[in-house]
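*Asks:* Feature list, courtesy of TrEMBL:
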type: BINDING; residues: Glu35, His36, Thr37, Asp38, Tyr224; note: substrate binding site
type: BINDING; residues: Ser69, Gly125, Ala126, Gly127, Leu128, Ser129, Ser130, Ser131; note: ATP binding site
type: BINDING; residues: Ser131, Glu163; note: Mg(2+) binding site
type: DOMAIN; residues: 95-182; note: domain 'GHMP kinase N-terminal'
type: DOMAIN; residues: 281-362; note: domain 'GHMP kinase C-terminal'
type: SITE; residues: Arg29; note: site 'Transition state stabilizer'
Amino acid sequence: MSNPAQRANKLFVQTFGTTADDLYLAPGRVNLIGEHTDYNDGFVLPAAINFHTIVAVKRREDDIYRAVSDAFPGEIKEWAFGQEGVMTPEDGWVNYLKGFTAAMAASGLPAKGLDIAVVGNVPLGAGLSSSAALELAFGTAVNDCSQLRLSPLAVAQMAQRGENQYVGCACGIMDQMISALGEQDHALLIDCEDFDSEPVHIPDSLILIIVNSNVQRGLVDSEYNLRREQCEEVASHFGLDSLRHLELSQLEAAKSELSDVCYRRARHVLTENRRTQNACHALEAGDISTLSELMAQSHASMRDDFEITVPQIDTLVEIISDVIGPRGGVRMTGGGFGGCVVALVDHELTDAVVEAIEAEYPKQTGLEPTVYLCSASDGATRIDKEVY
Ligand code: GAF
């Protein structure tokens with residue numbers, strides 16, 4: 001059975017012996033440009049993708065949550081609202097749900113319990129935010145079922161708080177916000193200082209190609225948190241809360257006062273903020289060769305200054321870039337240390353890009369790539385379980 005909504009309904013019935021009331025869905029995401037800028041109060045330009053997590057839910061009269069995932073059918077996780085207990089990495093996927101209810105309880109928000117069945121097709125561990133998709137599908141369900149009337153942005157912020165304070169990842173707001181607010185055929189320019197956002201149309205002539213390097217990602221959380229600390233160190237050197245309002249000229253003038261590593265980390269963030277705003281203008285103007293140049297610069301900055309790419313990812317970017325030239329852009333996407341590259345490419349080049357990846361990547365790295373031809377999708381929502 002391939003339809004995920006049918007799978008969610010079926011898993012619900014199998015697990016809880018009754019039918020679900022409602023289904024909610026939230027997308028994974030790909031970031032076009034603006035990497036590691038969100039927790040620096042900067043700019044990001046992600047798009048929600050047409051890969052989703054779906055939760056089938058039934059309201060309960062008490063405050064108990066019971067959840068099952070199709071990755072582990074038969075294994076029911078149970079907790080009471082506000083009594084999530086200590087979360088350990090071994091608990092895995094359910095921590096994202098518990099983090100959300102713990103953050104709600106800590107904010108003084110009430111919520112009734114739910115029975116929940118989770119299914120999805122967002123690739124796991126690929127850097128496409130299967131975790132934010134899970135948080136937002138669940139958070140949107142809780143918000144709706146308990147009639148809290150939180151805005152999609154507030155649900156995203158609650159999810160981020162859950163992940164920061166309870167799951168233990170110091171992520172920024174990008175993944176949750178785009179999963180909440182994505183729009184079909186659009187990327188979203190987000191100003192992470194004030195959470196202002198603006199949809200940016202992706203020209204019809206372009207296709208979104210995501211390629212999973214299938215590099216086993218290691219040390220992601222510790223390296224991520226270290227990058228964040230290094231950025232905070234530079235901000236505090238200048239007496240600032242974040243790198244957002246630091247000028248490149250100020251950074252250059254103080255270069256000798258900073259370690260080389262911290263200087264380069266900050267240079268990435270400041271230049272990436274500029275590139276992101278410029279990429280947004282280029283996309284709006286349909287100026288693909290400028291977009292191509294900016295994405296190439298972004299990749300080089302992540303490789304050389306922020307040091308979050310790996311050789312296999314660099315190889316993938318080179319293979320794609322050789323085929324597309326100025327007719328599209330390509331770069332690593334997401335937190336780094338493996339994961340995926342994103343390419344926005346003239347439709348006419350799709351076959352040539354896929355052929356080059358499939359021929360060259362295994363030869364040069366010994367790894368098999370996974371290619372996803374995607375489109376930008378809408379954000380989290382309740383869905384009609386009969387028609388999905
Ligand atoms: C991860 C984080 F969750 C995001 O907040 C963001 O920092 C991203 O890495 C890097 O841009 O996806």
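For all residues, glycine too, the Cβ spot is worked out from N, Cα and C.
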*Asks:* Anything within 10 Å of Gly125 (ATP binding site)? Look among the binding-site residues His36, Asp38, Glu163, Tyr224, comparing CA atoms, and list what you find.
*Replies:* none
*Asks:* What's the CA to CA span in angstrom from Ser69 (ATP binding site) over to Glu163 (Mg(2+) binding site)?
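*Replies:* Glu163 (Mg(2+) binding site) has its Cα 19 Å from the Cα of Ser69 (ATP binding site).
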*Asks:* Given the binding-site residues Glu35, His36, Thr37, Ala126, Tyr224, tell me which ones have a C-alpha lying within 10 Å of the C-alpha of Arg29 (site 'Transition state stabilizer').
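*Replies:* None, since no candidate lies within 10 Å.
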*Asks:* Round to a whole number and give the Cα-to-Cα distance in Å for the pair Ser130 (ATP binding site) and His36 (substrate binding site).
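*Replies:* The Cα atom of Ser130 (ATP binding site) is 18 Å away from the Cα atom of His36 (substrate binding site).
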*Asks:* Does DSSP put Arg29 (site 'Transition state stabilizer') in a helix, in a strand, or in coil?
*Replies:* strand
*Asks:* By DSSP, how many residues in the domain 'GHMP kinase C-terminal' (281-362) are helix, how many strand, and how many coil?
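*Replies:* Residue counts in helix, strand and coil order: 55 helix, 13 strand, 14 coil.
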*Asks:* Measuring Cβ to any atom of ligand 1 with a strict under-6 Å cutoff, which of the binding-site residues Glu35, Gly125, Ala126, Gly127, Ser130 qualify?
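*Replies:* Near ligand 1, sequence order: Glu35.
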*Asks:* Between Tyr224 (substrate binding site) and Gly127 (ATP binding site), what is the CA-CA distance rounded to a whole number of Å?
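*Replies:* Answer for this pair: 12 Å between alpha carbons.
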*Asks:* Run through the Cβ atoms and count how many others sit within 10 Å of the one on Tyr224 (substrate binding site).
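*Replies:* Around the Cβ of Tyr224 (substrate binding site), 20 other Cβ atoms lie within 10 Å.
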*Asks:* What Cα-Cα separation, expressed in whole Å, is found between Ser129 (ATP binding site) and Thr37 (substrate binding site)?
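*Replies:* Roughly 16 Å, rounded to the nearest whole number.
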*Asks:* Would you kindly give the Cα-Cα distance separating Thr37 (substrate binding site) and Ser131 (ATP binding site), rounded to the nearest Å?
*Replies:* 19
*Asks:* If H, G and I count as helix, E and B as strand, and all else as coil, what does DSSP give for Ser69 (ATP binding site)?
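*Replies:* The residue in question, Ser69 (ATP binding site), is strand (DSSP, three-state).
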*Asks:* Would you list, in sequence order, the residues of this chain other than Glu35, His36, Thr37, Asp38, Tyr224 that have their CB within 8 A of the centroid of the site's CB atoms, where the site is the one recorded for substrate?
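*Replies:* So the extra residues in range turn out to be Gly34, Tyr39, Asn40, Val44, Gly172, Met174, Arg227, Val269, Gly335.
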*Asks:* Where among the binding-site residues Gly125, Gly127 do you find the Cβ with the fewest other Cβ atoms within 10 Å?
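*Replies:* Result for the binding-site residues Gly125, Gly127: minimum number of other Cβ atoms within 10 Å at Gly125.
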